[in-house]
């Protein structure tokens, strides 16, 4: 095989390796994002459940405000 053919094959191999490594990194980042979203949802759900339970004792509604969930006789907005 000529030197030019070997050079072309080497370049193709390098390009393939670089793109497959990049794809693996993107896949890993996507999986990490999915895990973070699940954690965030479970935390939000837990806070909402705690708010509802504590407000239920006071016979009020759990309302989301800028400062987080709070108990109020009636939620606005």
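Glycine residues also receive a Cβ, built from the backbone N, Cα and C atoms like all the rest.
Predicted, not measured: the structure shown is a model, and the values here were computed from it.
Copied over from Swiss-Prot, here are the features:
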DISULFID  51-63  disulfide bond
DISULFID  55-71  disulfide bond
DISULFID  62-75  disulfide bond
MOD_RES   76  phenylalanine amide
SIGNAL    1-18  signal peptide
Practice task
Using a Cβ-Cβ cut-off of under 8 Å, list the residues of the same chain that are 6+ residues beyond the ends of the signal peptide (1-18) and lie near it.
Solution key: none
Completion exercise
For residue 51 (disulfide bond), the close recorded positions (Cα within 10 Å) drawn from 62, 71, 75, 76 turn out to be 62, 71
Handout entry: Pairwise Cα distance for residue 76 (phenylalanine amide)/residue 63 (disulfide bond) [Å, integer]
Key = 8
Exercise for the section: Let me know how many other Cβ atoms fall within 10 Å of the Cβ of residue 71 (disulfide bond). Expected result: 17
Practice task
Calculate the distance in Å between the alpha carbons (Cα) of residue 63 (disulfide bond) and residue 71 (disulfide bond), and round it to a whole number.
Solution key: 6
Problem - Fewest other Cβ within 10 angstroms of its own Cβ, chosen from the disulfide-bonded residues 51, 55, 62, 63, 75 - result: 75
Practice task
Give the number of CB atoms, excluding that of the residue listed as 'phenylalanine amide' itself, located within 10 Å of its CB.
Solution key: 6
Problem - Cα-to-Cα gap, residue 55 (disulfide bond) vs residue 62 (disulfide bond), nearest whole Å - result: 6
Exercise for the section: Can you see whether DSSP assigns residue 62 (disulfide bond) to helix, strand or coil? Expected result: strand
Exercise for the section: Report, in whole Å, the straight Cα-to-Cα distance of residue 62 (disulfide bond) from residue 71 (disulfide bond). Expected result: 5
